Structure formats: C-alpha cells, structure tokens
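Noted in TrEMBL for the protein shown:
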- A:10-415: domain 'TRAP C4-dicarboxylate transport system permease DctM subunit' (DOMAIN)
- A:48-67: transmembrane segment (TRANSMEM)
- A:136-160: transmembrane segment (TRANSMEM)
- A:166-192: transmembrane segment (TRANSMEM)
- A:213-236: transmembrane segment (TRANSMEM)
- A:242-261: transmembrane segment (TRANSMEM)
- A:273-296: transmembrane segment (TRANSMEM)
- A:316-345: transmembrane segment (TRANSMEM)
- A:357-386: transmembrane segment (TRANSMEM)
- A:398-422: transmembrane segment (TRANSMEM)
Amino acid sequence: MMGLWLVPLAFFGFLAFGMPVGFAIGVAGMIGIFDMGPRFMTMAPDRLFAGLDLFPFLAMPFFILAGEIMNRSGITQGLVKLADALVGWMRGGMAHSNMVASVMFAGLTGSATADSAAFGNTLVPAMQKAGYSRPYACAVTAAGSIIGPTIPPSTLAIIYGSIMGVSIAGLFAAGILPGLLICAICMGVIALTAKAKGLPKGEGRPSFKGVLLALREGFLAALLPVFILGSILGGFATPTEAAAIAVAYALFVGGVIYRALSWSDLYQIAVRTTRITGVIFLIIASASILGWWMTFNRIPQAVAETILSLSDNPNVIIGLILILLLVIGLVMDINATLIILAPVLAPLTVKIGMDPVHAGIMIILALNISLMTPPVGACLFVLASVTGEKVEAITRELWPFILAEVAILIVIAFWSDLTLFIPRLLGL
Amino acid sequence: MADIAAQARFWSLRLNKVVEITCVVLLVLLVLDVWLGVLVRYVIPLPLTFTEELARYLMIWMALLAVSSGIAYREHIGVEFVFSRMPARARRILAITFDVIAFVFFFLLFWYGLAFVERGFSRLTMIYAIPKGYPFIGVPLAAALACVQLALVFIHDMFDDTPPTSTGETLAGGME
Amino acid sequence: ADVTIRLAHLNPEDPFQSHSGTMAAVFKSLVESNSNGAIEVQLFPNGQLGKDNEVIDQVRSGLVESTISSSGGMAQHYPLVGVFDIPFAFPNIGVASQVMTKESSFGEKFVGDLEAKTGLKVLGLIDSGGFFAFTNSKKPIASVEDMEGMRIRTMTLPTHEAIISSLGGQPTPLPWAEVYTALQTGVADGQMNPVPIIAFAKFDEVQKYLSITNHVITPYIWTMNPDFYEGLSDEHKTLVNWAAEVATESGRAMSRVIEASEKGLPLLAEKMEVNVVPPAEQAKFAAAAQPAVRTLIEEQYGAEGIEMLDALLASIEEEKAAY
Ligand code: NA
Ligand code: NA
C-alpha cells in the first residue's frame, strides 16, 4: 500500500504548485485506486458519475442561472439601490446586509454551496458596484454561506438524524441559535474592521422618501426570496425545485417586466452557467473518487482512532473531535465525512455525557466551517469560480471570519444549554 | 512557432463551440424538465414520473461535457500562490507538466470509462427500464473531449511566445 | 487474516436498529471467531461505498465481496424482483416470513433465476423489515375512499406509482433526500414505508397518521461475488453459508423485535395516531390495486414476469394452507 503516503503527497504537491483543484483531487484518487490494483480502475469513472448522481445538487446550477439572469436584466441593481437606501449610511452596510440576507436565505436552502452560488453571482457584483473589493465581498459571502445549512432546513441535519437516530426536528431547532450567532459574530467582525479596511459609507441617514423610491425599484427583486420561500412553505416545491422556481421568477421579471433580456443575452447566460457548473462539479466528482478510496481503505476511521486515543479527558476529546472534523473536512466531501465519521464519533460523545442533539449540532457546524477553509473548501471554490476571484485573495480576507466562527464553534461545543435552549422550549 | 499555437487555439475554440451549444441545450432541457416535474404535481396531473431521474442525467451530462470548456478557457480553479511567483520558464514547464498529467487522468477515465459503460448495459434505469449504459456514456465522452482540449492547450502552452501566467487564467481574454 | 470479506449495506451499523445491521454484526462475529481469525469481515454500513445498486455492481465485478441490498437497488440488476410489488398479496407477516426465504418453493425458483441471470451468489433472502404502511398529515386511512386525492410520495417505481393511482391517490415520486422536508412543508401529504424505516427516518416528527394497511412487502437480498466464494476452502464455504443462514434468521427476528419495541410501532404510536385497516377493508384495497399492478408487471416483464408472479402467489397459498 504505497498509496497511503503517495496519495496525500500527490494531492498536496500538485495543489501547492497550482494544478487545478478538480484535477489534483481526481489524480490523487486515481493513484490510490491504481495502487489497489488495476482491476479497481473502473471505480474512477464509476465514482465520477455516482458522485454527481444526486438530485439536490441541482440547486447550485439553478441558483447560478437565476443570479446570472438577475444581473444581466438589471434586477440586481434595483436590489442594490434598495439595500443602499436602507443600510448604505452605515460603514460596511452592504456587508452587514449580506449577512442578514444569508440568514433569510437559510430558510430556503439546505446547502452552503447553493448559498455561495446564489450570492456570489448577485451580492458580490452588487457589493463591488458599491465600492467593496471583490475578495472582501467573496469572503463575507463565504462566511455567511454556512448559516444556510445551520439554520433549518439542513441536508446534513437530516442525514445525521437518520443515521444516528437523533431527532431531526430537534437538530433543526437546535441549529437556529448557532446560525444566528454566526451571523452576529460575523457582523461584529465587519463592524470592528470596517474603519481600518475603509469600507464604503454613504452620506447621512436614509430619508423616508429615498427608501420609498428605492423600494419601487428594488421591489420585484426583493420579492424573489419571498416568492421562493412561499413556494417551499406553501408546499409547492422542495428546496431543490425552489431553485428552478427562482429561475422562472428571474426570467419572468427580467424578460417580461423589465424587457431587458435578448436571446443572445440568454445564450451567454446559459453558457456561463454550464461552464461554472462544469468547473465546480468536476471538483465534487473527483472528490468522490478520492472519497471512495479513503472509505474502502478505512482511512478516516484509522485517523479518528489514532487522534481520539490521545486522551480520556472529556474536554480534550471534544477538542480533538473538532480538530479531526476540521482537518478531514479539508479534503473530503462533507456528506461523505458525515456518513463515515458520525458513527465513529457519536458514540464517543455519548460516552462523555454529551446530549445527542448537542453533539450533532457541534459535528454539523464543524463540517460546515470546513466548507470555507482553504486549501479545499467547496464554498471557496464556488465563489472563486462564479466571480473569477483567486482563492488565495479570498482567503486573505476570510481568515478573521474563520477565526470568529471557530470561536463560536468552541462556545457551542462547551456550552450545551445554548444549543439546547430552543429545542427545550419547543419540548423536543 | 506562434503559428502552431494560434492553430491549436483555433481548433480548440471550434470544438468548444459545438460542446458549448450542446451544454446549453442540455441546460434548457434540464430547466424545462424540473418545471414540468413541479407542474405535473399541481397544475396538470399527468402520470409523468421520469422527471426526477431525467433531471439527474441531464445535469450530469451538462456538467461533464462542460469540463472540456473549462479546460479550453482555463477556468478550472487552482491555488496559484506559488505558481504565480515562479520564473517564466518554470511556469511554462509546470503548466505543460500539469497538462500532461491531466491528459493521462482523463485518458484513463476515458479508457476505463468504456468498460464502465459496457457494464452499465447489464443494469437498468428505474423508469422505462432503459439500460444505464446510455447515461454512463457521458463519462468517456466527456473524458475524450477533455483529452482533445488538453492536447490543444498543451500545444498552445508549448509554442506560444509568452509563457502562461496562470493555470487558471482565461486564455481568450474573457468569455467571448 | 488470510481472507477479507467486505460486507456493505445501507443501514446503520447498530445491530439493534435494522435487520441489515443485525445480519452484518452476527455474520462478522460468527465468521471471525469460527475461522479462528483466518477470515476478517469488514463492515461498510450506511451506504458508505455507494448507493445499493452501485454496490451490487461492485460485488458483481469482484471489487467488494458481499452486500445486503434492497429490492429497489436489485431491480436495476434483476428487474424481476418487481413481482414483489404486487400489493396486498400476503395475509400476514407470518406467511411473508415463510415465503421470503431461500428455502420456500418460490424462494428456490427466485434465487435460482437471480443467480443464473446476474451471476451473483445469494447468501440470504429476507423481508424488508415488515409491511409498508401509509403515513400522512391529513386523516387516518381506513377505507379506499380516504385515499382520494391524497399526494403520496413513492420511490421512482412504476409499480408503486400504479398502486397509489389505482387507489385514487396521486403518486408523488421524490428523491429520498428530500422526503422529510417535503412531508414537513406539504409537497407530499404522505408516504409509504415499512415501520422500522418510518421510525429511522423520523417521519413521526412530520406526519400525524399511521395507517397499517399491510399493502406491500419487498425483499432484501444478500449476495456475494461467486468467484470469491468459489475461491474459498470447502471448510470456509460451509462456515460462510451457515453464518449467513444464522445471521439472516437473526435479522428476521430483529425486524419483529424492532417493530414491537420502543424503536418501532410503540414509539410511533406515542407520537402518531395509528389505525389498522381491517381485513375486509384490505380486500377492497386489493381489488382496486392488484389488477393495475399485474397488468404493469405483464407489460414490463412479459410472460416471464407473470410466471414469476404466479409462482409467488402459489407459494403464498401454499404457506397459508400450512398455517
Ligand atoms: Na437552511
Ligand atoms: Na475546507
């Protein structure tokens, strides 16, 4: 088994010297599979296909498409003016409203990458127009995107609840406060650094008339989330299908009401959507090759056992679990990590006396944070691909947010009452 | 020398145009399919149950075929902190090396993809019992396209006057 | 260990949570101890290696040694498993337990045909953990009329969709990952699954009514790569066979335990309103749904399908008589 050290070497080596991420992950996975024996090689195309064969993945291309349509047809500009009228007077106002929008959007998506795709394509260009640097706008969006899968609905909570036998309703309820806390602390980071960073600031307080005028322009755009949320809560569509409904709404407003879309515009929009999807999905598909190799050789379990055997102290164990999840989350898809590691970790958390719902939220949150940590974080890649910004430039602006969110994660891990407050209130 | 590079670029864009149009058609079908899935539930209650499975296959084909477009335009993202700080000569060598490694990767995907497709013909899809081999064809097809684009990009990197400044930069200077 | 058996399945590893978990745990324990450690059994629960139809493919090509899969996964490799979708055919779980074994007259025919057509070796045949039951958020389903207009989520399976539409409901096929949310928001009014799965998926949190209709019971099929099996020593072959047999029987028993314990019906009954559709009313359900599914089986699988279906129905009659 030369693969055990060759695979990580190839992966990190190629990645460090600039090989595209989708290729580096796939090549590393293929080296691992080849090392097991040539007869395993058909697993490479097999996993490439199977890694994408999931209906919920559709949300991402649909949100990219809806965002493209909104940008080209000018719907986004209306939204920008509205946001500007409301919060533009505040230094970093648009960054704050990006965070608040993430909380609203959280109610209609279960996945952080869909959130990144939707916002990367609308709010990032909007923030740029308002005078923010693109890397900063991407960093704010990435930091906010993990609120999506923390506040219900959450795909990870559903998977965790069913495989670990924990109440999904309980996990949903327990995710609300941590989600709001992430929003709050990120807004704190924005406020604290706003002056030093020279974030844009408009003139004076908003006038009632100004808000009304902006509302008229931004009304149809502001209605979009209401429309999507309504279609989900009204029982007309699943969260994935709601993304397709967002496309319909954007097309209707942009094409029929604003009359701002030509056929050539639509073709360009479609081309860009397919190409961004291709780039992001190659990373997901390649990760599923590497993931299968890791699973087949029981590597996550081995790493977990080694790390967790270091101590018996409950507090140290919690710390080790968090480190383990953040590290494995660097290289593996979070759904796969959850399926493989939750059964290893959850019994341990029970043994040290953690409430199952509390432990579940802690594990889910740690995995969500790993989505935005470099070098391998799906949200980072989605934003880089959608906006054309460099991963390392985003990362430079992102680290204060990562630190703040890790701090929240630690608070949540060690203060169970905080997580369990709402579930207890609801009697779950 | 720059001539050869320009030729390679020309054919790369030609091939890509065909792929691009195919991807757009797939995307349009995909959107219509998911809309139909919602509509048949509420507005027109037809027993159309293929929509979910079809959506997955359309999405996979669209994404996989678009991988070659991403290669033609160098849009696959990498972490270029080290790369961008290398001298020109080293950048060219690195870029070419990555092209070759990626070529081998996609060639193996193509080669073993054929066996994967063949095996897929002994499995049936859930709806209408169509052999799974048909949707699986997307993998070797996309891998073959990726190989051709990588070969053309390789020729371009090799013979172009200016060495590549980035593994993920847009060669054509934007989308169009 | 000289030999490694990788055994994959869809359910959690905990042997007290699903029959597959039980079967895997019992098999591992028996094989490892009785081979004096010469055989190692590695378990891959929760669909870690892939969805069940994909893992069957990995077993067929000899990359993974063994898997326990649902009929939905097997249908892609052996479509005739669809004959089990004939609704309301089994009078009770006792008869179902007798018929869904490798040894029943039907089981022998079915296993023989599956082995011949897929090349797989069948180690065990077991029911899916009890009959499918309906849950919904509207009202108790006590008669066929109650199904009128009800949007019931089904798997993307033509036969299951036919069951719902022939009863007057509206089949709503949705991917598994979206079912919980869809039931919560009302995209679907209800769904159908065996009791342990309803409990496992926490549908009691988003559904009010559970109606025991005994409408469908499907098999789980435990298979092994034939070349791997043939490569074992005679002693090890015997060991694998009896361990699988004991494990399957343990799984069968565990399904009943789960159903009867705080992990099954009693748990659901605490949170949901449970009603049982009496046999006389079940006969009306059968009359409404059976012909449609029979026609569909004939359309999809031809004479072969009807022959397999009749063998199944005959075996049921046989076991009924023996009761
Ligand atoms: Na959410
Ligand atoms: Na990460």
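From the backbone N, Cα and C atoms, a Cβ is placed for every residue, glycine too.
Curation plays no part in TrEMBL annotations; they are all automatic predictions.
Across the candidate stretches A:136-160, A:242-261, A:316-345, A:357-386, A:398-422, the maximum count of CB pairs under 8 A to the transmembrane segment (A:273-296) is reached by A:316-345. Recorded stretches compared: A:136-160, A:357-386, A:398-422; the one with the most Cβ pairs under 8 Å to the transmembrane segment (A:166-192) is A:136-160. Stretch with the largest number of CB pairs closer than 8 A to the transmembrane segment (A:357-386), among A:136-160, A:316-345, A:398-422: A:316-345. Residues belonging to the domain 'TRAP C4-dicarboxylate transport system permease DctM subunit' (A:10-415) score a mean pLDDT of 88 in the model.
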